[in-house]
Amino acid sequence: MFDLTGKSALVTGASGGIGAAIARVLHDAGAAVALSGTRVEPLDALAGELGERAHVVPCNLSDQAAVAELPKQAAEAMGAVDILVNNAGITRDNLFMRMSDAEWDDVIQVNLRSAMVLSRAVMRGMMKARWGRIVNVSSIVGTTGNPGQANYAASKAGLVGMSKSLAYEVASRGITVNCVAPGFITTAMTDKLTDDQKSAILSQVPAGRMGEPGEIAAAVLYLASPEAAYVTGTTLHVNGGMAMI
Amino acid sequence: MSDIEERTRKIVVEHLGVEEDKVTENASFIDDLGADSLDTVELVMAFEEEFGIEIPDDAAETIQTFGDAVKFIKEAA
């Protein structure tokens, strides 16, 4: 099950905890992977660990010109992009009344706009191949909201709406577009939380613990697999029961 | 019949699965040949590859019929 031999996957944000875990499981399933991120060192380290079929394609997604180049670099490295995982995400938290235009724009650019540009760029190859998988990593807060994260929540909810619309358009071409919405996962992003914040969060999680990056990666692997061909436009919530939606 | 016209017709026939004699100059891709909007995007992609040309989006929108396509390609190729 979930054999991706012969497929090529581009994973953004692969220098982060969740992105690295996603790249690892796709690679383990047989796919070639292009690892994208801003920090080259962790990408090189991951590529070294994975060995063959792993390519490093650094990209700063806040740079629009670099975003436009990324799909070409990935296709050159791997021959094609059959699977696109838009995982990269940044936060610029602030109370809504204090949020600057720049804080809003930066988050929308990296989390939402780059996902659109990358998806559009890989669509031609997927249409010709009559096969493609796009998995957008959303977030629980895109559905529930979160104080201090109006920009982040808007970007993550935006991914869901974008995915559904694109899923409609290309379903007849064998291309699926889905989201995975993590709850609270142990990553650098959640390490910044204080112990008090963590225990407050955990009191809301029926599973009683944070999730692991590998548990998000497993959901992405499923949606990227041939077995998930009939699943499109959906959001798979992986949140320990924190929000049953 | 020109070579460009013949190659263009072949793409349309293959892509839309229609009879060759239906692909006449005035045949509308959407109204007469059963294409949906995504098919028209794919046809433009196929024309671009076959003839090594760029068809910008605003030009693509003006290509409604087989005749429109042949005319555009002849001018661009």
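Just so it is clear, glycine is given a Cβ too, placed from its N, Cα and C backbone atoms.
According to TrEMBL, the protein carries these features:
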- A:7-188: domain 'Ketoreductase' (DOMAIN)
- A:Thr38, A:Asn87, A:Tyr152, A:Ala153, A:Ala154, A:Ser155, A:Lys156, A:Ile185: NADP(+) binding site (BINDING)
- A:Tyr152: active site, proton acceptor (ACT_SITE)
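Long-range Cβ neighbours of A:Ile185 (NADP(+) binding site) (same chain, at least 6 residues apart, Cβ-Cβ under 8 Å): A:Gly17, A:Ile18, A:Met210, A:Gly211, A:Glu212, A:Pro213, A:Glu215, A:Ile216. When the Cα positions of A:Thr38, A:Asn87, A:Tyr152, A:Ala153, A:Ala154, A:Ser155, A:Lys156, A:Ile185 are compared pair by pair, the longest gap among these NADP(+)-binding residues is 23 Å. Fewest Cβ neighbours within 10 Å among the binding-site residues A:Thr38, A:Asn87, A:Ser155: that distinction goes to A:Thr38. Among the listed binding-site residues, namely A:Ala153, A:Ala154, the Cβ with the most fellow Cβ atoms inside 10 Å is that of A:Ala153. Taken residue by residue with DSSP, A:Ile185 (NADP(+) binding site) is part of a strand. Same-chain residues at least 6 positions away in sequence with a Cβ under 8 Å from that of A:Lys156 (NADP(+) binding site) are, in sequence order, A:Gly89, A:Asn111, A:Ser138, A:Ser139, A:Val141, A:Gly142, A:Ala181. The Cβ of A:Tyr152 (NADP(+) binding site) lies under 8 Å from the Cβ of A:Gly89, A:Thr91, A:Arg92, A:Asp93, A:Val107, A:Asn111, A:Ser139, A:Val141, A:Asn146, each of which sits 6+ residues away along the same chain.
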